[in-house]
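A.B. asks: Attaching a single structure in structure tokens format; questions to follow.
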Amino acid sequence: MLKTVVRRRVLTPVWVNGVQKLKITSQSVPRPPRGLVPPVLDESVHHVRCIQQLRSKDNDIEKYIYLSQLKDAEHRTFYKICLDNMSEITPIIYTPTVGDACLQFSHIYRRPEGLYVSIKDKGSIGKVLRNWPRIDDARISVVTDGSRILGLGDLGVNGMPIAIGKLSLYVAGAGIRPSSTIPICLDLGTNNPKFLEDPLYLGLRHPRVSKEEMTEFMEEFMHEMSVVFPKLLVQFEDFSTDKAFAHLSAFRERYPVFNDDIQGTGAVVLSGFMNAARLSSAASGRPLSDHRILFLGAGSAGVGVAMQLMSFFKLQGLSTEEARRRIWLIDSQGLIYNDRGPMAEHKKYFSRADYSGPPIMSLADIVQHVKPTALLGLSTLKSAFNQSVIELMSALNPRPIIFPLSNPVRLSECEYDEAVQWSNGKVIFASGSPFPSQEYQGHMLHPGQGNNMYIFPGLGLGAILARVSSVTDSMVEASSLGLADSLTEEEHNENLIYPRIERIRDISAQIAHGVIRAAQKAGVDQATYLRNLSDAALMEYIRSKMWKP
Ligand SMILES: O=C([O-])CC(=O)C(=O)O
Ligand SMILES: [Mg+2]
């Protein structure tokens, strides 16, 4: 009789001194009944076959569709090739290509994936949630209402791929079981006229509902989520700024929830900034506490990052007030300062009291006024960091920190090759979406990718394993410190500010470790049996919980 389980040789790519090599390992795999697969179907060869099929597609959206179908048909193969080819595949299943997938979602749609909850379900949301087929397994949900997808604006239910993409990274990057994830798109209407007129649009064909109706809906939704899925962590994603702040503050004390754009982006930038500031201060001789950070963009991500960067200064011994004064924000009306007149609530905290002249509008003029050491972009204003701005930053700083963080690539405030040229190779750079490395005067220079994808898998894993009742600021800060500390000596020697994404599982484990400890300190952990584990035992526990494709 045919054995139903056999051991197979598997080729696994590993990184040795920065070079990818193949390691031969062996693994138990179920064997299908004889005759139902081709005579020679070796798994590791099949992975190579899939990668070849992927590479044969000549545009990225075709690649996205291919990978979606592969995930549906053979999810182990999909996750295996994701993990083995992270830097090639993340730009397809995630930013930037996922942005195009969202824009075209109603046209490229093939099969249902995830859960749709619409305003029509108000009053019976629990019933809809109970239709989910894997209720007991549910551990993590990414929830969007599509109101601000990446930098692309209101995409309504076409925002679903962002929730799907983030959860694929939870599985690949942190080893969350695929069956434990629920992508959720809330359909509260859309104000995007193009979609309202598109006959193929998959969502409700009316404008967004009123604020009151939305608030009632969200109250019911979050309550029912906690009843139907008692072990679920919720990640809010790509809600427009006002909603992002409102929902986070309404629910964060009551349910285990965090906002990826405010807190995840904040944590990833804090982490990269800590490493960038060390490099920059080493060149200028100025103390770390002297950094001055100028933000272009004061939406949920901009203010979220600014809040998180206060920790950087506090870690250097500054008071909260001193830390606040190291940060300047710019919105569409220029530098934000008190005497400018009324402004949105979330901008007030960083509004400057030390300037009272006429509005300063141009970025170059603001740079002259502030004299920042770091310029961060969360504005979705393509090319806002132009040649004169970067030359000015380079004149002010031997190694200027320039982080154009807007997504996707085509909304980036500047491109890496430009920043390298205009700063004569001196720039310390991180962007939200990926850019290729550059050769400059015989040296290879590498951009950082300051994307929340480094943070949320590990933050989520730690929160899930500790069974937290809420996600505290200290847990978010711990995720950031865990990431900053995760660089290997080799990565430091290459002047990287973020680790290589290929090491995402190690990075996520390290982040989860810090997050669990922070949760324990805050007393929000319900898995109290983890408290007694030594650091090494806790690390082993985390690794043992990671699902492997
Ligand atoms: O999804 C990404 O690439 C990062 C992010 O959260 C956003 O831009 O909204
Ligand atoms: Mg986002």
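From the backbone N, Cα and C atoms, a Cβ is placed for every residue, glycine too.
TrEMBL entries are annotated by machine, without manual review.
From a predicted model like this one, the values you see are computed outputs, not experimental measurements.
Quick paste of what TrEMBL says about this protein:
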type     : residues               : note
ACT_SITE : Tyr94                  : active site, proton donor
ACT_SITE : Lys166                 : active site, proton acceptor
BINDING  : Arg148, Asn407, Asn451 : (S)-malate binding site
BINDING  : Glu237, Asp238, Asp261 : divalent metal cation binding site
DOMAIN   : 71-252                 : domain 'Malic enzyme N-terminal'
DOMAIN   : 262-520                : domain 'Malic enzyme NAD-binding'
A.B. asks: For the recorded positions Arg148, Lys166, which one has the sparsest Cβ surroundings, going by other Cβ atoms within 10 Å?
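C.D. replies: Looking at the recorded positions Arg148, Lys166, the Cβ with the fewest others within 10 Å is that of Arg148.
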A.B. asks: Write down the Cα-Cα distance for Asp261 (divalent metal cation binding site) and Lys166 (active site, proton acceptor), rounded and given in Å.
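C.D. replies: That separation, Cα to Cα, works out to 12 Å.
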A.B. asks: Among the recorded positions Tyr94, Arg148, Asn407, report those whose Cα falls within 10 Å of that of Glu237 (divalent metal cation binding site); none is a fine answer.
C.D. replies: Arg148
A.B. asks: Tell me which recorded positions (Arg148, Lys166, Asn407) have a Cβ under 6 A from ligand 2; sequence order is fine.
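C.D. replies: With ligand 2 as the reference and 6 Å as the Cβ limit, the list is empty: none.
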A.B. asks: Looking only at the domain 'Malic enzyme N-terminal' (71-252), what is the model's average confidence as pLDDT?
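C.D. replies: Mean per-residue confidence for the domain 'Malic enzyme N-terminal' (71-252): 97 out of 100.
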A.B. asks: Whole-number Å only: compute the distance from the Cα of the residue listed as 'active site, proton donor' to the Cα of Asn407 ((S)-malate binding site).
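C.D. replies: Cα of the residue listed as 'active site, proton donor' to Cα of Asn407 ((S)-malate binding site) measures 11 Å after rounding.
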A.B. asks: Measure from the CA atom of Asp261 (divalent metal cation binding site) to the CA atom of Asn407 ((S)-malate binding site) and give the result in Å, rounded to a whole number.
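C.D. replies: For Asn407 ((S)-malate binding site) versus Asp261 (divalent metal cation binding site), the Cα atoms are 11 Å apart.
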A.B. asks: Rounded to the nearest Å, what's the C-alpha distance separating Arg148 ((S)-malate binding site) and Asp261 (divalent metal cation binding site)? Just drop the number here, would you?
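C.D. replies: Checking the Cα atoms of Arg148 ((S)-malate binding site) and Asp261 (divalent metal cation binding site) gives a distance of 10 Å.
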A.B. asks: In Å, rounded, how far does the Cα of Asp261 (divalent metal cation binding site) sit from the Cα of Asn451 ((S)-malate binding site)?
C.D. replies: 10
A.B. asks: Taking the Cα atoms as reference points, how far is Asn451 ((S)-malate binding site) from Asp238 (divalent metal cation binding site) in Å?
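C.D. replies: Rounded to a whole number, the Cα-Cα distance is 14 Å.
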A.B. asks: According to DSSP, collapsed to three classes, what secondary structure does Asp238 (divalent metal cation binding site) have?
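C.D. replies: Where Asp238 (divalent metal cation binding site) sits, the three-state DSSP reduction gives coil.
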